[in-house]
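Student: Have a look at this one before I ask anything.
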Amino acid sequence: MNRLLICQNITKHYQEGSLQTQVLKEVSFSMQEGELIAIVGSSGSGKSTLLHMLGGLDQPTSGEVFIHGQSLQRATQDELAKLRNQYLGFVYQFHHLMADFTALENVMMPMLISHKNKTEAKDRAENILSAVGLAKRILHKPSALSGGERQRVAIARSLVNNPKLVLADEPTGNLDHKTTESIFELIQKLNQEQKIAFLLVTHDLQLAEKLGRRLVMQDGILRESNS
């Protein structure tokens, strides 16, 4: 099995005047294709900051991230954008759906931005929405969907460009327990059936225990869970 992601000695400092805050401390780990990993830790431990580094949304103070063997730190902005479009999908705690667009149109958008054919984008979006259980809700706007349905649309949108890896930052943070469980089950299903790798940041230890591999972030230090 090939290594999809390699994180080497990632350190991140933030400077405010004379005050320097170290958020990540020489974080290193790797991830295989099709793997499902949860990163758990308390609020402020550095989980979301790490996810931003892994997605090329922010740069580390030192260290390097490789996606499919390509360094994010050595890439130009155009190369970085191409890497993200080709290999990565993103899901956040807040769904960030466009209110005036239907679920179908929201999911089509990343493909249209990538200059894909509109018919191809529509067919792909319909298939993905069906896969996440929303075949009968594709023409509804976000305001007509429940919280769980909106997050399913966000997950579908992250999958529409057929990524190798989805980075999910607290994707169930605003949902009730029952809906949270259904979203976790969906992620597991997509991982098993479509072999999509997921790196999931969460503070929900109970649900994280159901996933294959758990990493614990504490005070900017990442370690394997022994439990």
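Residue numbers in this text run from 1 along the chain shown.
Cβ coordinates come from backbone N, Cα and C, glycine included.
According to Swiss-Prot:
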DOMAIN    5-227  domain 'ABC transporter'
BINDING   Gly41, Ser42, Ser43, Gly44, Ser45, Gly46, Lys47, Ser48  ATP binding site
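So that I understand the layout, could you describe where these features sit and how close they are to other parts?
Tutor: Taking the Cβ of Gly44 (ATP binding site) as centre and 10 Å as the limit, one finds 12 other Cβ atoms among all the protein chains shown.
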Student: Here the binding-site residues are Ser42, Ser43, Ser48; which one has the lowest number of other Cβ atoms no more than 10 Å from its Cβ?
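Tutor: Fewest other Cβ atoms within 10 Å, among the binding-site residues Ser42, Ser43, Ser48, is found for Ser43.
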Student: Cβ within 8 Å of the ATP site's Cβ centroid: which residues qualify beyond Gly41, Ser42, Ser43, Gly44, Ser45, Gly46, Lys47, Ser48?
Tutor: His203, Met217
